[in-house]
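Student: Before I ask anything, here is the structure I am working with.
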Amino acid sequence: MKEELIRMILEEECIKFGHFILTSGKESSYYIDIKKLITNPKALRLIARLIKEKAEEEGIQFDKVAGPELGAVPIATALALETDRPLLIVRKKKKEHGTGRQIEGEVKEGDRVLLVEDVTTTGGSVLRAAKILKEAGAEITGIFVVVDREEGAKEAIEKEGFKLYPLVLVHELFEAAGVSSE
């Protein structure tokens, strides 16, 4: 199934070449546009199945599924449906109106949360979400990402005491596409 995901990423032309500024602030000669993939229902179902199966293989227990806005929300939603677990959405910042929440969905002390992300570079975005969830009382039992760019996210996430589970590493995408990652 991993090979099918790689094929879909390539078929949807999710790898863009040029000059890009990433969320991390880093400059890059390529961009992984996973949003093209996560708007495809077939791809979303596959991603949710892959995460569910990997979590089961690893013995990861979780009560809820969370994702930081925006890119991870469709992934978290698909996984919540696949696993029949409640969904949490972590906002980048607290709402300035209405309830003023930063987390949509109910978090209780001790909730075991599986956190998902679309792409990781340095891990900053998903670590911010993990911190917000922990402050609300959640225990992060695993962090899953569709594509890890292999630029330090794994190390940064592990340094904070979490484990990253990438479905695909960027070098695997480049190998399948027949291009150099340099």
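The backbone N, Cα and C atoms fix where each Cβ goes, and this holds for glycine too.
Below, the features straight out of Swiss-Prot:
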type: BINDING; residues: ARG91, LYS92, LYS95, HIS97, GLU117, ASP118, VAL119, THR120, THR121, THR122, GLY123, GLY124, SER125; note: 5-phospho-alpha-D-ribose 1-diphosphate binding site
type: BINDING; residues: THR121, ARG149; note: orotate binding site
Student: How many Å separate the Cα atoms of GLU117 (5-phospho-alpha-D-ribose 1-diphosphate binding site) and ARG149 (orotate binding site)?
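Tutor: Computed Cα spacing between GLU117 (5-phospho-alpha-D-ribose 1-diphosphate binding site) and ARG149 (orotate binding site) is 12 Å.
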Student: Show which residues of the chain containing SER125 (5-phospho-alpha-D-ribose 1-diphosphate binding site), separated from it by at least 6 in sequence, have their CB under 8 Å from its CB.
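Tutor: When sequence neighbours closer than 6 are ignored, SER125 (5-phospho-alpha-D-ribose 1-diphosphate binding site) has THR23, SER24, PRO68, GLU117 within Cβ distance under 8 Å.
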Student: Calculate the distance in Å between the alpha carbons (Cα) of ARG149 (orotate binding site) and THR121 (5-phospho-alpha-D-ribose 1-diphosphate binding site), and round it to a whole number.
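Tutor: Cα-Cα, rounded: 5 Å.
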Student: Tell me, if you would, which residue among ARG91, ARG149 (binding-site residues) has the fewest other CB atoms within 10 Å in the structure shown?
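Tutor: Lowest Cβ count within 10 Å among the binding-site residues (ARG91, ARG149) is ARG91.
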Student: Including all protein chains displayed, how many Cβ atoms other than that of GLY123 (5-phospho-alpha-D-ribose 1-diphosphate binding site) lie within 10 Å of its Cβ?
Tutor: 26
Student: In three-state terms from DSSP, label VAL119 (5-phospho-alpha-D-ribose 1-diphosphate binding site) for me.
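Tutor: SS state of VAL119 (5-phospho-alpha-D-ribose 1-diphosphate binding site) = strand.
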Student: For the binding-site residues GLU117, VAL119, THR121, which Cβ has the most other Cβ atoms within 10 Å, all shown protein chains included?
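Tutor: The residue with the densest Cβ neighbourhood is GLU117.
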